[in-house]
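Q: What TrEMBL shows for this protein is this:
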DOMAIN    41-290  domain 'G-protein coupled receptors family 1 profile'
TRANSMEM  26-47  transmembrane segment
TRANSMEM  98-120  transmembrane segment
TRANSMEM  132-154  transmembrane segment
TRANSMEM  197-221  transmembrane segment
TRANSMEM  242-260  transmembrane segment
TRANSMEM  272-292  transmembrane segment
């Protein structure tokens, strides 16, 4: 098979979810609607938190950053897909493809870290309520946010730089709706052993450590709540964690589902369809989960919307 160096590669072809022309308008309307709802819902969360002084707490500071991350992650993949469907052009430049890979890894990793940080915040609030304001001070919150962003940037740049060293074959078709790292590596003609090892090592560290932190936090939270004497206190404690648990289950559940799907299915197109569940759906649902399940957020959103209506 003829191979060429990455400097000669000008573009890849994103095959999308289906090649059926009759389904393209449906996909366009569906993903455009999901994208607009994602942007609007998460923007409302950010505006509600910034406009309500009662929500200027560590928990909602991290939630605002999670909403911003969801907007960025969705904007990294869906707009290009919509443009390709609208123009009936499947191409994406080599530079744009690697940029998309980097952004997806950075914002996906940042969401992963933020979920772990939010779990730690709930752990301190429930297990050490008297010291909560002392422990979760603005300096620590900012430091946790910066650290999460830093390691996410390192992860994204590391994988992107590893792809730069690869040479590719003449077949540059990606059976996906965005440039996914694993699919790009499969197209390489050069040795990908180091890249595959790096993916598994980083996945274990970058996914395992935050997830272990979430499990650790909730084991202590449940233990602390069960020792509370009043049922009202137990209900209040669990209610503050309900939204976060729903988002965590959605994020890790969909990611695990896609991993299982790719392991048991030989069809890259089916894997691409399954990947919608972790690249689009969690970002869409997060604003609904927090907007509908959290009492303070519902009140803040009601105030924000009614205030805008009066103006």
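Cβ from N, Cα, C; glycine included.
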Q: Please work out the mean pLDDT for the residues of the domain 'G-protein coupled receptors family 1 profile' (41-290).
A: 89
Q: By a Cβ-Cβ criterion of under 8 Å, what residues six or more beyond either terminus of the transmembrane segment (272-292) are in contact with it?
A: 16-17, 31, 34, 37-38, 41-42, 44-45, 63, 66-67, 70-71, 73-74, 77-78, 104, 108, 111, 175-178, 180, 243, 246-247, 250-251, 254-255, 257-258, 261-262, 265, 298, 301
Q: Is the transmembrane segment (242-260) packed against any residues at least 6 beyond its ends, judged by a Cβ distance under 8 Å, and which are they?
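A: Long-range Cβ neighbours of the transmembrane segment (242-260): 66, 111-112, 115, 118-119, 122, 207, 211, 214, 218, 271, 274-275, 277-278, 281-282, 285-286, 289-290, 293-294.
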